Amino acid sequence: MATTMASCGIGSRCAFAGAQLSSVKPQNNQLLGVGGAHGEARLTMRKATGKKSVAASIDSPWYGPDRVLYLGPFSGEPPSYLTGEFPGDYGWDTAGLSADPETFAKNRELEVIHSRWAMLGALGCVFPELLARNGVKFGEAVWFKAGAQIFSEGGLDYLGSPQLIHAQSILAIWACQVILMGAIEGYRVAGGPLGEVTDPIYPGGNFDPLGLADDPDAFAELKVKEIKNGRLAMFSMFGFFVQAIVTGKGPIENLADHLADPVNNNAWAYATNFVPGK
């Protein structure tokens, strides 16, 4: 997504978020600020997928200068470089990490990609335990113990079934992961085998087989939902890591223990009794 600009004619000048901006030619995947009636923020999104560009105007509480901020009405004035152009911008950057445009662009991509991995990872940590507690047997269900099964005498059976993939070599798994993930990431960043120009964060095309981004209004809202759930998933994964170190149990078992005896099974009780290495 390119830098936010005021939508106006070539060579003219117009105002957006209290600043005068010279109009330049819009680029693909561009979010254009358009002044709405009665001071309401209206956004125009341009979505390019190698086909004809589609533009849509949306009134959204998540974009623009009048968007929802991190402390609501008590947030104060957000930094000038956080204009509400991108999804998940709540006007909070006390460390100034977004002040440099190039660093900001890099960090945006890193956050979205890590959010997606965290959402998949959180599901992978929780779902096997849920199945195991409901009588479905497919090998080790605790997420941080499952991978170690490959070092056992019988190796690792995917989903607990030797008919699927029976893995006995950590090097073979590593090689497959590098090849498969490297190919997909290369496709995403380079724009496909023909090098078509795409947005590396939201490439669309084969990465959107259900056509969820076909409607620009819905696409803008989905971006916000994705980053919000992704941030929650990253915190969840951090919590799972801490739980594994402190309790030696998976998240579902920890939850069950807490519900059964909340007085003796809680963060404070574990923190005060935790001894590293034991």
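Glycine too: its Cβ is placed from the backbone N, Cα and C atoms.
Database features, via Swiss-Prot:
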| type | residues | note |
| --- | --- | --- |
| BINDING | Y70 | chlorophyll b 1 binding site |
| BINDING | W92, S98, E111, R231 | chlorophyll a 1 binding site |
| BINDING | H114 | chlorophyll a 2 binding site |
| BINDING | R116, I165, L194 | chlorophyll b 2 binding site |
| BINDING | Q149, L159, E226 | chlorophyll a 3 binding site |
| BINDING | S169, E185 | chlorophyll b 3 binding site |
| BINDING | Q177, R188 | chlorophyll b 4 binding site |
| BINDING | Q177, F274 | chlorophyll b 5 binding site |
| BINDING | K225, Q243 | chlorophyll a 5 binding site |
| BINDING | N229 | chlorophyll a 4 binding site |
| BINDING | H258, A267 | chlorophyll a 6 binding site |
| MOD_RES | R46 | N2-acetylarginine |
| TRANSIT | 1-45 | transit peptide |
| TRANSMEM | 112-132 | transmembrane segment |
| TRANSMEM | 164-184 | transmembrane segment |
| TRANSMEM | 232-252 | transmembrane segment |
Spatial separation of Q149 (chlorophyll a 3 binding site) from S169 (chlorophyll b 3 binding site) - C-alpha basis, Å: 11
Residue from Q177, R231, Q243, H258, F274 whose C-alpha is spatially nearest that of R116 (chlorophyll b 2 binding site), among the binding-site residues: R231
Intrachain neighbours beyond the transmembrane segment (112-132), with Cβ under 8 angstroms and 6 or more residues off its ends: 138, 141-143, 146, 201, 226-227, 229-231, 233-234, 236-237, 240, 250-253
Integer Å distance between the CA atoms belonging to Q177 (chlorophyll b 4 binding site) and E185 (chlorophyll b 3 binding site): 12
Rounded distance in angstrom between the Cα atoms of N229 (chlorophyll a 4 binding site) and the residue listed as 'chlorophyll a 2 binding site': 12
Between S98 (chlorophyll a 1 binding site) and F274 (chlorophyll b 5 binding site), the C-alpha gap once rounded to whole angstrom: 37
